[in-house]
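Novice: Annotations for this protein, taken from TrEMBL, read as follows:
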ACT_SITE  R293  active site
BINDING   Q106, H108, E133, H273  Zn(2+) binding site
DOMAIN    1-149  domain 'Phosphomannose isomerase type I catalytic'
DOMAIN    190-254  domain 'Phosphomannose isomerase type I helical insertion'
DOMAIN    333-379  domain 'Phosphomannose isomerase type I C-terminal'
Amino acid sequence: VFKVTPTVQQYDWGKLGSASKVAVFAQSAGLSDFRVDETKPYAELWMGTHPKSPSFISASGETLASYLSKNHSLIGEKVIQKFGAADGNLPFLFKVLAIEKALSIQSHPDKETARKLHAQQPDIYKDPNHKPEMALAITPFAALCGFLPLTHIATYLARVPELAALIPQAILNNFLVIAPTADPTELVSKQSLRDVFSAVMTAQANTFTNQLSELTARYETGSVHPEEEDVRELVLRLNAQFPNDIGIFCAFLLNYVKLSPGEAIFLGAGEPHAYISGADIIECMANSDNVIRAGLTPKLRDIPNLVDTLTYVAAPASRHAVKPLPFPGALTSTLYDPPISEFSVVSVTLAPSQTEAHRALDGPSIAIIAGGEGKLRWGGTSLDITRGEVVFIGAGTAINISATGNGEELKIYRAFVEA
């Protein structure tokens, strides 16, 4: 067990200065020469081996990947064989996000698509890996995730003339006929949804800006159908952050969810989503930085690839929920185990002076201390830990976690992989 130094990403959507947990954690995590600028955004804290922004061994400054490549026992032979991790590259990337304004409407490619995009546009899609991801709320968190059920989209199309005006009449009529009775898993339903989504996202700029102007003016005057109340505030907020952006219309096509602390969602390949507001979250994903964007962003938009690679599964937001489970062998730890093999996350909350034991895992893990102070013990060794610090725990290492008795609870998030 040893401390590692994460890295910080300063994207435009991040929280400013010390209002960002990313900045607060970075101050304690050993980043050299790090000083918080209250006028700048601090969006993401990266913990892992991705070559774009790798973590380092705090004691030596060596990259974590380099160190692991020479110490395979810390990864575990099963993980090395399953994920090709002999070079020290972990199969997951662990993050803290501090979100001030909406992230882009986006999806992540599957492995085959990632390899193709990386080969075609390596300056944009910088690795050949897929990027399924899980978001776990630290504070209240709003997001768009996955397509709404077809009947819900049909209701919006009937009640929101500004949305319907973006869609050619034949495509609109076909969808309204299919939606009430169609099986959303059937190809004809998915094709109809794809036609609607593609029509919206490729609408001519003068058309959608005029319709958006009419929509926001109507919402600002309070002329709203009851079915629109759920998204009125969202549309106005997104328009204030990204004026005249086509991505705002995704509020009528995607599930709008609000998560409380401790709740989590999982987004697989080809699932459209956007993190919206008010959140500090823990995020874990396969070790990739591939993002296909289409709206609510100043970055490159790749609408053709987004339209081509979505799954077009229409379902309630509950489809994306990750159910918290007891962590086997522990008393108070909570497991979040999404339906992929690259990672799981454990949340640990200990009252002052409380202790917890974690069994030896058959793979490596990275943990961030999100609050409080305490101590990790393994074998005959111990390590003091405090808020913002990040530690690596090698495969096969059972640990005991204890909180100090200073009146503050100890909060830890731990990402791991087992083969």
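A Cβ is built for glycine as well, from the same backbone N, Cα and C atoms used for every other residue.
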Novice: Measuring Cα to Cα, how many Å separate Q106 (Zn(2+) binding site) from the residue listed as 'active site'?
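Specialist: Cα of Q106 (Zn(2+) binding site) to Cα of the residue listed as 'active site' measures 4 Å after rounding.
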Novice: Per DSSP, what is the residue tally for the domain 'Phosphomannose isomerase type I C-terminal' (333-379) in helix, strand and coil?
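Specialist: Once the DSSP states are binned, the domain 'Phosphomannose isomerase type I C-terminal' (333-379) shows 0 helix, 27 strand, 20 coil.
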Novice: Across the domain 'Phosphomannose isomerase type I helical insertion' (190-254), what does the pLDDT come to on average, as a whole number?
Specialist: 96
Novice: Which residues does E133 (Zn(2+) binding site) neighbour through Cβ under 8 Å, counting only same-chain ones at least six apart?
Specialist: H108, F266, L267, E283, C284, M285, A286
Novice: Using the alpha carbons only, what distance in Å do you get between R293 (active site) and H273 (Zn(2+) binding site) once rounded?
Specialist: 10
Novice: CB neighbours of H273 (Zn(2+) binding site) within 10 A?
Specialist: 24
